[in-house]
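A quick write-up on the structure given underneath.
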Amino acid sequence: MEPLLSFKSVSKQYDDMQILDKIDIDIESGYFYTLLGPSGCGKTTILKLIAGFEEADNGDIIYQGKSINHLSANKRKVNTVFQDYALFPHLNVYDNIAFGLKLKKLAKSEIKRKVHEALKLVKLEGYESRTIEGISGGQKQRIAIARAIVNEPEILLLDESLSALDLKLRTEMQYELREIQSRLGITFIFVTHDQEEALALSDYIFVMKDGKIQQFGTPIDIYDEPVNRFVADFIGESNIVEGKMVKDYLVNIYGQDFECVDMGIPEQKKVEIVIRPEDISLIDAKSGLFEVTVDSMLFRGVHYEINCIDRKGYEWMIHSTKKAEVGSKVGLYFDPEAIHIMVPGETEEEFDKRIESYEEQDNA
């Protein structure tokens, strides 16, 4: 099946700064995608290229099988929800949503029907005559979405569009966005630097750094099997330690062998090991895989964040529902499945092949 939208080796430069470096992406119809990465990684530039606000320096942007490199923004079946919403303060809610429809010179009855449907979808029926100054931040967000979807775009772009909301409202809007996307069935492409937001909202995530795609996959794939240290650090909390692959299903960490589920990596190959804090249990010091000293503890609401130091001076973070006394000796335990092996220098393609070989082995 042909992708709805593709970037083929797309590059973009501002002055002497390389913003996008030979980007390749495929976007299928009807899914929620997120471009995730730190400030300056190029994610908003991708949105601008899709919307037609910028042109690529090199490469091709393909929409439904045709190049749209030089297609003007107003001819693209794309709408954008901006970070500041970009609502017209001198127009009421109805006229804000109807603005694009009036430019198309639709009949008044058709405009009224479409505006009503859009307001119903974002759960703001009856707000037609409200002023923009008289509604809350969350309501402005919904009006901006209604104004975008009323034009029936194939793709909806959202540029950091939840960042101005407080935590509670942002969480509520995450549910709203997922529901709206599911009901409309159109493609959403969302930009954020917030990894929790990306994990909660997305069908698929592109993790970006320095103008390049570091990893693409489902939230679970990226969280459970990060391709490199950057992705492991950026997506959630991680314990990352160095080690060597002894043989298939056995890795050495700090001179001690541990069972794992990885295979196909050369013996004695230097690797990096990721163990998530929630996958580690605190037990009696003598019963653990190794002993650590509790260095600090913070209460995070649903769990305690406990930092420990092992005998070699390395720090370990554990998320536990149990308290631990600072200064006490405890044991750490984790299952072989909790160990995720990363091979330094491994490309995403090589990484994907390795992970696929595990699945083939499991199904054999």
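For all residues, glycine too, the Cβ spot is worked out from N, Cα and C.
Now, the feature entries from Swiss-Prot:
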DOMAIN    5-235  domain 'ABC transporter'
BINDING   Gly37, Pro38, Ser39, Gly40, Cys41, Gly42, Lys43, Thr44  ATP binding site
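Shown here: features listed in Swiss-Prot, placed on the structure.
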| residue | record | Cβ contacts under 8 Å, 6 or more apart |
| --- | --- | --- |
| Gly37 | ATP binding site | Lys43, His193, Val207, Met208, Lys209, Gln214, Phe234 |
| Pro38 | ATP binding site | His193, Lys209, Phe234 |
| Ser39 | ATP binding site | His193 |
| Gly40 | ATP binding site | none |
| Cys41 | ATP binding site | Met208, Lys209, Asp210, Gly211 |
| Gly42 | ATP binding site | Lys12, Ile19, Leu20, Ile23, Met208, Asp210, Gly211, Lys212 |
| Thr44 | ATP binding site | Asp159, Glu160, Val191 |
- Message: Validating a neighbour-count step here. Other CB atoms within 10 A of the CB of Lys43 (ATP binding site): how many?
- Response: 25
- Report the residues of the chain - excluding Gly37, Pro38, Ser39, Gly40, Cys41, Gly42, Lys43, Thr44 - with C-beta within 8 Å of the mean position of the site's C-beta atoms, for the recorded ATP site, in sequence order. His193, Met208, Lys209
- Query: Any idea what the model's mean pLDDT is for the domain 'ABC transporter' (5-235)?
  - Reply: 90
